[in-house]
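Participant: Provided herewith is a single structure, encoded as structure tokens, for subsequent inquiry.
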């Protein structure tokens, strides 16, 4: 059962990451009348949706009993403040990472966002050098922060008996607080002028839901697999994003170096998941 959950969660993560990258990129570059939606508010809304989804899952696990749900939340979160505070570190990093992803996809095409290389090959007519630099710095910072937060979160998940949904509620709680701080600091004036949900449309809500789903799927992958496999799943989505960017969006032309890197990613994924059969003992005459 755990093996099935591992590969199911990995498959969903590949689909979710690819969909999120492409829709987020499109939503950030789409030209419409009126103000564009604020990425800082989108991060907060995604965290709130993640909390709501996890509460519903805990409610389902507690046999749809409100009394049992209240007891579980009280015992596992309020009565264990130190355990809850452990999630403040990865939550803050994930919130920073989610904001950086919006910055990156506002300045880079979908494939380069996921694969920060060969930036000099991008169409200079579409992206300025300054935008490329900002986007690449955002991607690199997000990569390093994501690696640390993923390993830290995996350690917490596998060293305690709390469910992955409870941990996600704790993670989302701090993520909402950090996210609201970011909204106040960076976009406070815009929010007071045009509202928290300015520029939101159907595509924006799709991006927000996909981002919330990603938080749940990543936690499941780390719980049932590990952070390394999560990285491989994310890397596989690079291939899909590249194909879609090239054939559909037509905003990226892969180079030979890119193809070489893609082959290495696929080979690494295969080797990591390969489980050779043990050699049989030679029979003695």
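Cβ from N, Cα, C; glycine included.
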Participant: Suppose you had to name the range TrEMBL annotates as transmembrane segment; which of 95-114, 255-274 would you pick?
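Facilitator: Comparing 95-114, 255-274 with TrEMBL, transmembrane segment matches 255-274.
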Participant: For the transmembrane segment (37-59), which partner among 6-25, 165-185, 205-225 gives the most CB pairs under 8 Å?
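Facilitator: It is 165-185, which has the most Cβ pairs under 8 Å.
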